[in-house]
Amino acid sequence: MEPAQKKLRQESKNPYLAHLNNGDDSEEVVSSKGLTRRATTVAQAAKAEEGPNNFFNDKPFSQNYFKILETRRELPVYQQREEFLKIYHENQIIVFVGETGSGKTTQIPQFVLYDELPHLTNTQIACTQPRRVAAMSVAKRVADEMDVDLGEEVGYNIRFEDCSGPNTLLKYMTDGMLLREAMTDHMLSRYSCIILDEAHERTLATDILMGLMKRLATRRPDLKIIVMSATLDAKKFQKYFFDAPLLAVPGRTYPVEIYYTQEPERDYLEAALRTVLQIHVEEGPGDILVFLTGEEEIEDACRKITLEADDLVREGAAGPLKVYPLYGSLPPNQQQRIFEPTPEDTKSGYGRKVVISTNIAETSLTIDGIVYVVDPGFSKQKIYNPRIRVESLLVSPISKASAQQRAGRAGRTRPGKCFRLYTEEAFRKELIEQTYPEILRSNLSSTVLELKKLGIDDLVHFDYMDPPAPETMMRALEELNYLNCLDDNGDLTPLGRKASEFPLDPNLAVMLIRSPEFYCSNEVLSLTALLSVPNVFVRPNSARKLADEMRQQFTHPDGDHLTLLNVYHAYKSGEGTADWCWNHFLSHRALISADNVRKQLRRTMERQEVELISTPFDDKNYYVNIRRALVSGFFMQVAKKSANGKNYVTMKDNQVVSLHPSCGLSVTPEWVVYNEFVLTTKSFIRNVTAIRPEWLIELAPNYYDLDDFDNNKEVKSALQKVYQMAARSKKNARR
C-alpha cells in the first residue's frame, strides 16, 4: 500500500460508522491515484485497473492478469459500467437484472470496489450467494481476476468455513452467514455496500435479509444495497424496495432450439443417460449440461455414462468424453474440475465434457462451452407440512422459470439445443410459473430464533416479501417454546440465546447445550458434527452387499446414532486414512468435513461456556447417557411401534411410518427417536435410536402432557402406563 494511502486510511473518518459516532460523513475520501469515493468514473477505474501495480495492495500485476482483464471487458455487464455507476452514485438501493452469463456476479462487486475504496475506509463489500458452491467458486474466480490471493483482499465465508481475513475487502458469503453476522451486529456496520445476488431464488435467508435491508436502509443512509436477479421479473423487487431504480443487462445469448418428448418418460434418469450418449455420437461439437436432483443420482449417472462412453471410444464410434459431477457437498477442488478444458477431437469424433449438476448450474455458475442441455424437469425441493410437522426433500417438477433458465445455459457461446425430457403439454399445463419462495414451504423454527436474536419481536408484522402462513409461524413458536428456547411470552430464554449462537437447527443446538447434564457432551459434539455433514456411509450399486457387510462392523444394536459414533471413534483412533475409508465403504470426505465441523462447534461451545465432559467408556451408562441426551433435543421426533408390530406411529401427529432400509437396529424397539422423516413412495424415519418411554416424561413433561393426546388413544394409553410406572417407582423410592 502506498504511504499516501496508509495515511488516508489512518486519518480519514469512517463515513460508514457515522451513524454510530455522529461523525461528519461528508468528508471526501480520495485515493492517491485520484479516485474519489462514490464519484469514480469509468475512465478513472479503468486506468487504476491497468496498473502497473495492483490498486488494492500495490503489488505488481502478473501477465495473466492483463489477459483476464481483456476477457472481463468483453462481458455484457462491462458495456454498462458507466450507466451502473451513475445509478449507483444517485441511489441508495438498486435492483439489477443480469441474465446468467452477463458477468454480474463477478463484475458488479468489482465495479463497487473501485468506487467504494474500502481499503481507505476500513470497510468491506459483501456479496451473498444462496449456495456454498457458488460463494467458493466465484470468490476464487474474482481473486484470480483481481490478481490477489484468495483469503486476502477477496475471501468467502460459508457455514463452518471462513476463508477471509483482516485484509479482506470483498467477501462472498452464503446468505445464511450474513444473517448470522446480523445477529451479533444488527447494523452490519463493517459493510459499506451489501449485494444480495441470485435474489430470484427466494431462499429463506435471502427473504429475511431483504426484510432486514429494508429496515437498515432507513437506519443507515450511508449503506448501499444492490439486489441482483437473473430473471426479468424484477417489478416485485422494485416495489418492495421503495420503487428502487432498475438496471437490466442482457446476457450473451444465442438462439436455443427446444425439443420435447412425444410421450412422458417413465424413467427420467435412464432417458437422460440415453440422450447424453445420443448427443455425443450424433451431434456437432459442444459440451453437455445435464440437470439431475442430487448427489447419489449424479454420481450414479457419472459412472454409467463414463462406462458407456469408454465402450464407444474403444469401438471407434465416438470421440473422448469427460464426465464431471457438480453438487453442493462436492469438495472445492473437485467443483473446479468443471472448468477444465474439453478433450481434443479425434478421428472417431468430437471431444466433449459432460457436466451433471443439481439446479446450482441454472443460475449460480456459468460454464463456458455448453451447447447442449438435457433437462428431465425435476429438482429436489424442501416441503413442509405444519399440520404433521414434517419437513422433507422431495423430487418435484420444476417451474417454467427454472426450465427457461436451464434452456438458456445452451446458448452462451453459440446456438444451442435443449432436450426437455417431458412433453410440451406438460410444460404448458403442469409446470407452475415460478418456484414457490422457500419461506412458504419450510419449517421456520430456525428463522424465528434468528429473528428473535435480531431483536425483531413482532414476527407477524415483519416486512416479508411473501408472508408465511400463520399456521407455520405458530408451529415454529410452539416448537421453540417446547424446546425452552422461548418463554410463554415469546421472548428468548437463556437457553434460546445460547442456541441461537450455534449454526444448527434448534433441536440439535439444544441437544448439544444440554448434553453436559448427561455427562456426554464430547460424544454429542461428535454426533452433532456427523449429523451436519453428508452421509458417511458409501453404498455403490455395484457393491451394495459388501458395503452392508462392512457397515455391520460398526453397527450398534441400540441405534444408528451410536453406529455413527462407532464409525467416528474408529476413524479418529488412527485408522482414518483414505484407503481405510475406501475399504470400509466410508466417505473420507464426509469424515474430514465432520472433523472440521466438530472443531468449529467446539469453539462455539467454549465461548458459550458449555462444558466438555464424557462418561467413562466402560461405564454401563455410557450409551444410555447419549440416548438420553438425544431425547433432550429430539423429543418431538419420537415414534412408537404400532399395535400390529409392523410399523411405527409418530407422537401427536399420528403418521404411520416404517424404519428406513438403512436402519441398523437389530430388533424393532417399542419406542424410538429419529432424526429425519423421509417421504418417497411411503413414509420412512431415518437415523433411528431406541429409547425408554420414561425419559420422555422426565425430560419433556410439557410436551408429553396426556391432555394433548386425546386424538391418539393408542399412544395415550401407552403414555398413561409410563406415567403409572413412574409414579410407582417414585413411591417405592420413598419407602
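Keep in mind that glycine also has a Cβ here, set from the backbone N, Cα and C atoms.
The annotation ATP binding site is assigned in Swiss-Prot to G98, E99, T100, G101, S102, G103, K104, T105 on the grounds of sequence analysis. For T100 (ATP binding site), the same-chain residues that are 6 or more apart in sequence and have a Cβ closer than 8 Å to its Cβ are A230, G251, E362, T363, T366, Q405, G408, R409.
The compositional bias 'Basic and acidic residues' annotation in Swiss-Prot covers 1-12.
What Swiss-Prot records for 85-250 is domain 'Helicase ATP-binding', and it gives sequence analysis as the kind of evidence.
What Swiss-Prot lists as region 'Disordered' is 1-34.
Highlighted in sequence order, L75, P76, V77, A230, V249, G251, T366 have their Cβ within 8 Å of the centre of the Cβ atoms of G98, E99, T100, G101, S102, G103, K104, T105, the residues recorded for ATP, and are not part of that set.
Reduced to three states, the DSSP call for T105 (ATP binding site) is helix.
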